[in-house]
Amino acid sequence: MNLNMSIFTPTNQIRLTNVAVVRIKKGGKRFEIACYKNSVISWRAGAEKDLDEVLQTHSVFVNVSKGQVAKKDDLTKSFGTDDQTEICKEILTKGELQVSDKERHSQLETMFRDIASIVAEKCVNPETKRPYTVSLIERAMKDIHYSVKANKSTKQQALEVIRQLKESMEIQRAHMRLRLVLPAKEAKRLKEKLKPLLQVVESEDFDEELEMVVLVDPGCFREIDELIRCETKGRGSLEVLNLKDVEEGEEKF
């Protein structure tokens, strides 16, 4: 027998490289899918909508690294269907992404920055009534030795961070109440541009100019200030009236 002939590969084996594995346990069995690196997080965040940009193949495996494909019977028993694309979607959404230590470290660093951004966006210094910068919040988080939890959402953790930071610094979860005065000529156009940045419009008065009292997230303050200054060439104005506390549970992130 000629041993140089190609080695027989069972038909239920597929070899893949540069792969990110997502794993789920169902009905006592393990199932895996093979994805492109970095695409899983984009899919879960809603940034990537094309399944073919995420999945290397629409096959469901029992072991990706060995290339062992799951049996149809097992899929039907565990998922109630043998539609591999639908099963891939379920694993992609609910499964656990298998990552190396280096990747995990990088993921936690990104989450740390995201949490700090959310806190800076939603909180103010109650003494100055002004927002904090992201870098200052990052430093404060390091000072309290906050450790990121990979399995909890950044929004949940931001609430936890605010609670912990209150013990060591002046920080308040609040909306800023602003009075905006816009010249009549630019009022309509500018109001449309401002709309996505406003949480609540409390009052509106149009005489020779448009005067609005609004509630905004602290993170939008600088953008609103800049927009009014640039668009009205300094003829519009913005004034911080006071802060409105946001009670826990009153508004979800």
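Just so you know, glycine gets a Cβ as well, placed from its N, Cα and C.
Automatic, uncurated: that is what TrEMBL annotation is.
Feature annotation from TrEMBL assigns domain 'Ribosome maturation protein SDO1/SBDS N-terminal' to 18-104. Residues annotated as domain 'Ribosome maturation protein SDO1/SBDS central' in TrEMBL: 113-174. Here TrEMBL flags 176-243 as domain 'Ribosome maturation protein SDO1/SBDS C-terminal'.
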Arithmetic mean of per-residue pLDDT over the domain 'Ribosome maturation protein SDO1/SBDS N-terminal' (18-104): 87
Counts by DSSP class (helix H/G/I, strand E/B, coil) across the domain 'Ribosome maturation protein SDO1/SBDS N-terminal' (18-104): 32 helix, 25 strand, 30 coil
